[in-house]
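Here is the structure we will look at.
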Amino acid sequence: METGSSSEGSPEPKKGKSKTPRKPKAKDSVLKQKSPAEFFAENKNIAGFDNPGKCLYTTVRELVENSLDSAESISELPVVEVTIEEIGKSKFNSMIGLVDRERVDEALYDDHETAKARERRLAKEAKAQEIQAKNAALGKKVKETTASKGMKGRGEASFYRVTCKDNGRGMPHDDIPNMFGRVLSGTKYGLKQTRGKFGLGAKMALIWSKMSTGLPIEISSSMRDQDYMSFCRLDIDIHRNMPHIHVHEKRENKDQWCGAEIQIVIEGNWTTYRSKILHYMRQMAVITPYAQFLFKFISDAPEKNVTIKFARRTDVMPPVPLETKHHPSSVDLLLIKRLITETSKQNLLQFLQHEFVNIGKSYAERLIGEMGPDFSPKMSVKSLTSQQIVRINQLFRQAKFDDPSGDCLSPAGEYNLRLGIIKELHPDMVATYSGSAQVFEGHPFIVEAGVSVGGKDVKQGLNIFRFANRIPLLFEQGADVVTRTALKRINWNNYKINQTQDKIGVFVSIVSTKIPFKGTGKEYIGDDISEIATAVKSAVQQCCIQLKSKIVKKIQAREQQERKRNLSKYIPDATNAVYDVLKEMAQLHASKKKRYENEDAEILKKVSAKLITKETLRQKLAEHVEKVDYEMALEYATHGGASEEPKEAIYIQSLETEPKFIDLRSPIFVFRLFQ
């Protein structure tokens with residue numbers, strides 16, 4: 001039987017084509033890898049560069065935080081100047097050497113309006129104007145018609161030059177290219193409380209600049225005792241994760257300036273993220289009242305310009321955070337192996353003592369004895385096998401260790417938090433609290449809180465301000481532990497605070513060697529960590545307890561004033577009634593129908609002789625009310641202490657050019673003794 005007969009009518013296969021599946025080309029199976037810069041360029045949302053507006057906000061944030069870290073690292077009071085300059089299309093084209101070109105084929109563009117669409121738009125506008133004219137004729141309130149907005153094409157981007165200048169440490173001349181042109185390189189690695197850790201923020205701004213404008217970043221820097229200024233213009237080689245240097249030279253530093261100035265041109269959206277950027281600057285001024293910020297937005301239209309200065313309120317800075325060692329309960333296998341590779345200690349006993357906190361010599365010996373006969377105090381730590389390292393890790397997970405102390409942390413402090421709140425919000429009353437160090441997964445953390453009532457530019461209800469390692473958190477607020485605690489776990493009525501009508505500011509700052517952020521954006525701390533949730537609730541409650549006593553005293557004072565007002569209101573009526581009674585009694589006494597003796601008789605004689613008049617009685621009653629009010633006020637002041645009004649700091653300056661002083665600190669004030 002022939003096979004061809006069974007497939008009658010079916011088309012014959014074409015010659016030269018095989019039915020076997022096509023084999024992949026050899027190059028398709030070649031293993032490829034991406035550089036870190038290329039990875040983050042393709043996944044820029046991980047670093048907070050989601051859209052042009054967010055990119056502008058994140059760029060400002062990263063540059064400001066780097067400036068603060070730089071100044072604080074040398075204990076210099078920070079002075080940070082941020083400028084955002086709007087760059088028009090023509091100016092941007094001239095910057096990149098592109099000649100402006102008028103449109104030739106209008107229909108080619110995304111914002112092109114057809115004749116029909118234009119006809120419909122004009123008819124709609126004419127109808128709206130007609131309705132508006134009728135309403136005006138009838139005397140009704142007329143709403144202003146907004147100008148119709150044309151469709152904005154995808155190619156119509158907005159560009160901005162962002163400049164950030166500080167008075168910090170500066171950067172070594174030779175390190176500048178790698179500090180800005182190599183992703184995942186930085187100076188903040190290690191177990192330490194820092195504003196950033198990954199060496200990514202400023203590099204991501206540069207990557208976004210390269211993606212959106214193609215323009216390089218410009219860095220000027222000078223360090224202390226340096227007679228020159230470093231200038232560097234560079235961009236980044238995405239595929240090789242290396243800096244591409246245009247200019248790197250030393251220049252004359254005539255003004256002996258010390259610090260860094262970074263200038264970058266990026267695509268952004270000021271209109272939609274204006275409020276976020278200004279809120280960020282304001283909240284940064286709250287948590288760092290020892291810093292001075294100057295923010296400028298410059299546009300071609302002068303009415304859009306913005307200039308805000310956030311003045312320094314104090315010169316007391318938090319201590320510089322210290323690098324610490326790992327707690328045994330916070331390590332894993334990879335970290336133990338890395339510590340073994342990097343340690344300078346020879347034997348296991350020394351390794352346990354010096355590479356971890358809260359392991360003394362005697363406790364290290366007990367741990368080694370518990371590990372088994374294969375371990376000894378004198379054995380070389382470099383000779384440990386993988387199985388032995390696993391055993392150490394298992395014991396670390398099961399053994400009991402003292403909690404790490406919070407000495408390595410650098411919270412803002414109640415003094416600075418209180419000053420920051422008063423400086424920026426001007427509340428009617430404020431309370432602050434700083435908790436003791438607590439532990440989550442072997443990492444110490446401290447929660448500070450402040451609650452204010454009233455203030456300038458504060459909305460009614462709860463206004464929540466969140467900070468992590470002294471950085472404001474503005475996004476993803478709904479699921480954050482602070483928001484949920486303030487909304488669901490605090491019964492504000494118990495503290496005489498109206499949650500919906502009062503202007504309430506809730507400030508919570510969490511500092512730690514490892515902030516347990518949720519998600520890649522590092523914008524919120526989850527509500528599922530019981531240790532942190534409990535600490536936040538306790539700190540806010542402590543503030544509320546302080547406020548309750550102030551509010552109760554304020555209510556009592558108000559009630560006292562109300563009583564005085566009521567008594568004063570009825571003085572004329574009481575005077576008339578009493579005087580009429582006295583006149584009748586005087587007439588009876590004079591006609592001898594009823595005789596009064598002693599003091600009563602004397603008073604009645606004075607009434608008859610008009611030595612006591614209505615005016616006299618009115619004056620005496622008013623004096624009595626004032627006396628009662630004074631005595632109650634004195635009692636209130638005795639119990640209430642000093643006035644709750646915020647005080648301005650007054651320092652007695654020394655005659656020396658560089659005054660020497662000693663700061664004596666308490667949670668709510670600093671006493672400065674000049675020598």
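In case you wondered, yes, glycine gets a Cβ from its N, Cα and C as well.
The region 'Disordered' annotation in TrEMBL covers 1-36.
For 1-10, the entry in TrEMBL reads compositional bias 'Low complexity'.
Residues or ranges marked as compositional bias 'Basic residues' in TrEMBL: 16-25.
Sequence annotations record features per position, and here TrEMBL assigns ATP binding site to N66, D166, T187, K188, G196, K197, F198, G199, L200, G201, A202, K203, K522. In sequence order, G48, A468, I515 are the residues near K522 (ATP binding site), counting only same-chain partners six or more apart with C-beta under 8 A.
Sequence annotations record features per position, and here TrEMBL assigns domain 'DNA topoisomerase VI subunit B transducer' to 404-563.
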Row N66 (ATP binding site), column other C-beta within 10 angstroms, all chains, value 23
Within the same chain, the residues at least 6 apart in sequence whose Cβ is under 8 angstroms from that of A202 (ATP binding site) are E62, L63, N66, M179, F180, I262
